[in-house]
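Have a look at the structure below before the remarks.
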Amino acid sequence: MDISPLLSGLNDAQRAAVAAPLAPTLVLAGAGSGKTRVLTHRVAWLVQVEQVSAHSILAVTFTNKAAGEMRSRIESMLHVPSAPLWIGTFHGIAHRLLRLHWRETNLPQAFQIMDADDQLRAIRKLLKARNMDEARWAPKEVMWFINARKDEGQRAGQLKDEGDPTRREFIRLYAAYQEQCDRSGIVDFAELLLRVYELLRNNPDMRAHYRRRFRHVLIDEFQDTNTIQYAWLKLLTSPDPETSPGGLPFAVGDDDQSIYRWRGARVENLHQFQRDYPGVQLFRLEQNYRSTGNILSAANALIANNSGRLGKNLWTSGEQGEPVRLYTAFNERDEADFVINQLRDWIDKGGRRDECAILYRSNAQSRTFEEALLSARIPYRVYGGLRFFERAEIKDALAYLRLIFHRADDASFERIVNLPTRGIGLKTLDTVRDYARANTCSMWEAAGACIAELGARAGSCLHAFLALIDLLDQQIRALPLFEQVDHVIHASGLLAHYRQERGDRGEARVENLNELVTAARNYEPDTEDAMPPLASFLAHAVLESGEQQADAWEDSVQMMSLHSAKGLEFPLVFLTGLEDGLFPHLRSLSDAEGLEEERRLCYVGTTRAMRQLYLTYAEQRRLHGQDNYAAPSRFIREIPPEFIEEVRPRIQISRPVYMPRGKAPAALREDTSAMGIQLGQRVRHGKFGEGVVVDIEGQGNHARVQVNFEQHGSAKWLMLTYANLEPV
DNA sequence: CCAGTTTTTACTGGG
DNA sequence: TAAAAACTGG
């Protein structure tokens with residue numbers, strides 16, 4: 001076997017990790033050190049050199065994007081289809097296992113997955129049913145409690161209230177919530193993992209089977225694993241006295257990039273791994289191939305403020321590059337305008353738009369940038385935020401399909417029972433709900449039973465709804481998937497309902513619904529699992545809520561939250577909104593742990609940049625309709641000044657880069673420069689004497705300039721046409 | 001019961 | 001600001 005292609009192009013540390021002997025392995029891989037390369041090459045190495053069957057390899061990631069990338073890279077390296085390999089997210093793999101073993105876990109075959117949105121809805125409903133005040137029992141708190149317990153592998157039954165009445169109530173709610181989910185055959189995200197864990201734990205045969213099967217478990221972003229995910233790994237890779245000598249985990253992680261503590265991730269798993277697998281081989285990847293020296297130095301200095309790091313010395317042999325640039329904006333509009341002007345420069349110099357990324361702490365910040373990009377006619381693409389399958393109209397359509405597929409799905413029932421309105425009001429639903437609760441049955445069953453005792457009018461409306469669902473069910477049985485979707489959105493009246501909605505909004509919704517049909521048409525179910533296509537499609541919709549939007553192929557500026565930027569790299573990066581309270585976020589400021597996580601997030605952001613990094617913050621920012629004034633982020637101060645260059649066009653006039661209000665800079669430059677006026681220009685005025693142009697606004701006859709006159713206290717705005725300024 | 005209006009509330013992050 | 005919830009007249 002010629003192993004050179006597998007190892008060529010790798011540095012010593014990478015090569016050592018890829019070709020490591022078959023033993024538990026931990027790779028500490030700094031940002032931009034070739035982590036994904038090592039993982040994919042290791043898989044190829046196992047298959048081609050160690051002659052390991054692709055069947056016995058399980059590769060787990062956290063995001064669909066990472067899983068997809070790994071799969072395609074491995075495919076192109078091995079030149080064979082990667083189907084026998086199991087590659088996926090934790091949730092995707094758990095789902096697959098549950099579809100295979102639904103009987104053993106007491107799930108109905110048609111079980112459905114609910115996303116966080118559905119979960120919150122379910123909890124609200126539960127609180128209402130128990131007459132609990134939402135002000136006292138915040139649904140989000142309850143949800144957080146339940147998910148945190150599940151992430152730790154705990155069921156309501158094994159929790160103690162510790163004499164705390166609040167906790168006691170939370171535990172009760174957890175139990176009631178779970179009962180409700182079980183009854184309607186619904187699992188939430190955390191439940192997917194917990195179920196599989198319990199399946200393996202309680203079922204020795206199955207455990208032995210999967211231990212034998214998956215001897216090689218590769219895990220990406222190991223620092224982000226939570227308790228249950230780690231417990232999973234241990235169950236899969238522990239030795240089985242009779243059947244298996246123990247699996248060979250290959251974990252890759254970076255403690256400095258641990259940014260998911262809030263969803264239960266435990267960096268300590270990196271330490272625990274070394275204790276649990278004695279003789280673990282440790283490799284460190286410390287050479288960074290991504291960023292310039294300045295960017296890397298800034299990032300290193302920043303992260304050095306964290307305590308308890310495993311310690312890494314990230315270095316590069318590349319050039320120093322440009323300094324990191326810092327821009328202080330007046331407000332968020334100004335911040336966006338600045339970014340747009342830099343983008344224009346980049347593009348004018350022949351750069352590609354998709355080489356540029358605008359990163360922000362929270363998705364809400366994207367709007368200002370979107371508006372600015374839109375008016376500047378620069379194509380862009382927003383990742384995250386509201387995704388396709390999370391749109392209300394799409395969830396409505398999916399709810400019809402889910403209810404048709406699985407009548408016990410109460411959440412879907414409630415969602416669409418009166419959408420479009422069909423005369424089934426709150427009072428009717430209360431009756432049905434009461435009945436369902438009293439008889440512990442599904443809303444569907446309760447509705448059937450209630451018709452008789454309801455008034456004639458309400459009863460017939462309800463009956464019509466039940467009949468509609470049954471009818472749809474019959475009608476679509478034999479149809480191919482996309483026609484099922486198409487038929488349901490038409491025959492349910494959903495499409496007509498949204499068509500009536502006036503304005504662009506309704507139009508967009510109709511478009512989205514049609515897009516759903518297209519998505520169904522293009523959907524290719526996993527060949528291996530023998531689910532009905534509809535079930536598979538529904539699960540796909542929840543698990544991969546649809547990253548790709550239209551125009552994905554067009555060269556466009558990339559916008560995303562810092563969290564979703566992890567694992568990516570861009571030549572030009574804007575790290576925006578660096579204000580205390582926004583980033584670091586207000587809710588993380590109070591405890592040291594939270595602050596350190598924010599700092600790691602900032603570290604992740606800075607290390608995305610390859611050639612040029614801009615940091616920006618606004619002195620004034622409008623948040624939920626109110627003006628806020630925040631101090632610059634403490635993270636800016638933590639980067640030594642020698643790596644940072646401040647861009648202050650209004651004061652530091654030597655850099656005429658700033659053009660206000662998003663006016664086309666080329667035109668403006670021509671316009672004003674024709675009169676010999678540009679930013680930073682010294683001018684003389686008949687009355688006010690000499691001064692410096694610090695701002696230009698408008699064009700042609702409307703052009704105004706702001707001039708800082710020496711004699712005059714403050715800067716003055718002058719109409720260019722009347723001021724008769726002479727360049728000096 | 002419905003549709004439109006006013007009031008309230010909330011905004012961290014992802015599978 | 002904008003979505004969700006509460007309210008109100010038909």
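Cβ from N, Cα, C; glycine included.
TrEMBL labels come from automatic prediction, so no person has curated them.
The domain 'UvrD-like helicase ATP-binding' feature in TrEMBL is assigned to A:8-292. Sequence annotations record features per position, and here TrEMBL assigns ATP binding site to A:A29, A:G30, A:A31, A:G32, A:S33, A:G34, A:K35, A:T36. Feature annotation from TrEMBL assigns domain 'UvrD-like helicase C-terminal' to A:293-567.
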Task: Identify all same-chain residues not among A:A29, A:G30, A:A31, A:G32, A:S33, A:G34, A:K35, A:T36 whose C-beta atom falls within 8 angstroms of the centroid of the ATP site's C-beta atoms; report them in sequence order.
output: A:V38, A:D254, A:L285, A:N288, A:Y289, A:R290
- prompt: When a 10 Å sphere is centred on the Cβ of A:A29 (ATP binding site), how many other Cβ atoms does it contain?
  reply: 28
Task: Please determine which of the binding-site residues listed here (A:S33, A:T36) has the lowest count of neighbouring CB atoms within 10 Å.
output: A:T36
- prompt: Same-chain residues six or more away whose CB lies under 8 A from the CB of A:A31 (ATP binding site)?
  reply: A:D254, A:D256, A:Q257, A:N288, A:R290, A:A299, A:L314, A:Y603, A:V604, A:T607
Task: For A:G32 (ATP binding site), just count the other CB atoms lying within 10 A of its CB, please.
output: 22
Field: Distant-in-sequence Cβ neighbours of A:K35 (ATP binding site), under 8 Å, six or more positions away
entry: A:V27, A:A29, A:D220, A:V252, A:D254, A:L285
Query: In this structure, which of the binding-site residues A:G30, A:G34 has the fewest other Cβ atoms within 10 Å of its Cβ?
result: A:G34
- prompt: So, in DSSP terms, is A:A29 (ATP binding site) helix, strand, or coil?
  reply: strand
